[in-house]
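Features as listed in TrEMBL:
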| type | residues | note |
| --- | --- | --- |
| REGION | 335-371 | region 'Disordered' |
| COMPBIAS | 336-351 | compositional bias 'Polar residues' |
| DOMAIN | 542-577 | domain 'EF-hand' |
| DOMAIN | 625-660 | domain 'EF-hand' |
| DOMAIN | 665-700 | domain 'EF-hand' |
Amino acid sequence: MGCGISIKKNQANKSERAIKAAILIQRWYRSYVARMQLKRQYALSIFQSIEYAEEQAQLQLSNFFTFMLNHVNEFDPDIKSHFVSIMGDCNMASSDPAMTEYERRIEVPASYYGPRLSFPLTAADINALLQAFKHHQQLHARYVLQLLHETRKVLQQMPNITHLSTSYAKEITICGDLHGKLDDLLLIFYKNGLPSEENPYIFNGDFVDRGKNSTEILIILFAFLLVYPNHLHLNRGNHEDHIMNLRYGFTKEVMKKYQCHGTTILHLLQDVYSWLPLATIIDNKVLILHGGISDTTDLNFLNLFQRNKLKSVLNPPKSNAGTGNDPQRAALTEAYSHQVQTKKSNSGSHVSSKEALRSMSASSNSRQYSKRQHLDNLCHRTVSHPIPEVQYCKPSNVTTAYTSPELTPKEWKQVVDILWSDPKHQNGCTPNKHRGGGCCFGPDVTARLLKRYNLKMLIRSHECKEEGYEISHYGKVITIFSASNYYEEGSNRGAYIKLNPDLIPRFVQYQVRKSTHKRTLHQRVSTIELSALKCLREKIYIHKSELIAAFRQYDRNGTGKISPSEWVSALESVLQLDLPWRTLRSRLVCLDQDGNVEYLSSFDDVEITLPIKEVQPSLVETLCRYKADLESIFNMIDKDHSGLISIDEFHQAWKLFNLHLKTAVDDESIDSLAHCIDFNKDGSIDFNEFLEAFHVVHKLEKKYSP
């Protein structure tokens, strides 16, 4: 009897210990997962804050160029013409026969082994394209131009706001941003099936930029649009904009892949962008648009205006860009006047505003020989028989003098709001300070718009979400994002929505996996975290001078130490990234025994390379800090996108750059830099190579490796 009781007690004790052990393991695991989730979230916060800061800088730069365009317009038609071309206002509205004739002149050589298209396209042509792109083949420029030309004709027949019904299909698939990630698009088609009459799709903008296969994504989507115009629908995103493409990679991708025909493709794409519909409404209940809404969004107005007038959201109409009572524009006017009066020519005489800007137009002649020779070499690589009638590989018979009716400020603002806005948790509608454009709209703004138009739901994209989607505003707003691994491999999932006739959304998540499936959760999160911290350290280092000055405001005695709260205040005042700096502190700086921050340790792990010995360190810091702005300016001046600009144009780019940001860089330093980087002394500078030479090096990267 006693023995049996003892055995039962031992078994009970063992069970109790096992349960306690299981609870401890469960608590530890939950704590571990929570820590990993926290690291992933703050890494995404870093990526997103830096991304939005770059977009804000792009908008500021575009506003500056628009101001310059409108300001010099009052002085001289030649100056106006040059800045119009810089801002990309030369519309390309050719007649069908002329463009078709040009396309026929481009010979497809026998050595070309990619897909050969004939129009009208069929499903078999699309399958051939998909197979070719899976094997990294490239579609010939002739077919790309024909495809864009046919796509524009189809888009021109479409309304600003497309109305669809689920009564003709069991479900409609809605995809968000793809951003050049071809693997995500192919995975969506693998999981969900190809677009067809029985399987309709909506792609909600931002097909291009950032990723390396934007061209292939556009070709696939446009091909499906031609074959199934009633079952594949495209909304315009904020990156379907030729000025955005200058900064975020698509322009460079097209020129690299299509070289001498790249400029023509980009011009035609500019017009195709302008014809993309702005929104889609399903069953008169679900509104789908790229960004969001504002308290002034008027769907009736958006449905009626001539949408192709808006070539770029980043080029506001003149009446919207006037100085008026805008203090920022007034400051630009004053700075511009001061700049052109104080700048001197090489001979020492003063330069007038007309002369300073005319020199930009005149300077293009000095590079004519070297650029033409460079382009001819590129043309001979891709076309077996060059076209003698076409100079710089641009069709001479394509009409470019067409001018659209002038865009009004109201039209411009309505489109900016739907392409750039983001939802927020608080009520109200406020300017989107993070991005620099559009609005942040609250649940009350959403409720009013849905009620006004008798809608049930708003589906938008525009923001990377960790799980690929997010539901907000009490279920009335859904964000869908389809580019997985957007910032870093493993950083986020992609997702798409399946919407049935009951209008109940079903989310399908996925993630393109190349190596992450072989790694542990800790390794995957550590990779994301380290990549984010690397970007943040670079951001901190390129603002070194400003940050040291801000730190020393709190360090009156020159101890090299300040309190954590002072360190946070100084960082935020300079960088304005709105990050959890206290959480990040241990990964960015060293602390003393009293918990004070040794602020100079913020710069210990990185340095800027000096590829040219003659360049002053202060100038190198400026180059690194404003590299993206400089690249945009160079690309605007380099009208044929060859990557080459003359030394005179290099000087003019710096004049614009200094006027935009008021940097303290003297002419002598720029003269020295320009001649140093003209390595072969032919009077032309490869500005892409020049910009890539100045970068931040992480000295202690191995120290943080997982």
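Even glycines carry a Cβ here, placed using N, Cα and C.
TrEMBL does not curate its annotations; it predicts them automatically.
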DSSP-assigned states of the domain 'EF-hand' (542-577) in counts, ordered helix, strand, coil:
23 helix, 2 strand, 11 coil
For the domain 'EF-hand' (625-660), the mean pLDDT of the predicted model:
74
Secondary structure content of the domain 'EF-hand' (625-660), with strand meaning DSSP E or B:
26 helix, 3 strand, 7 coil
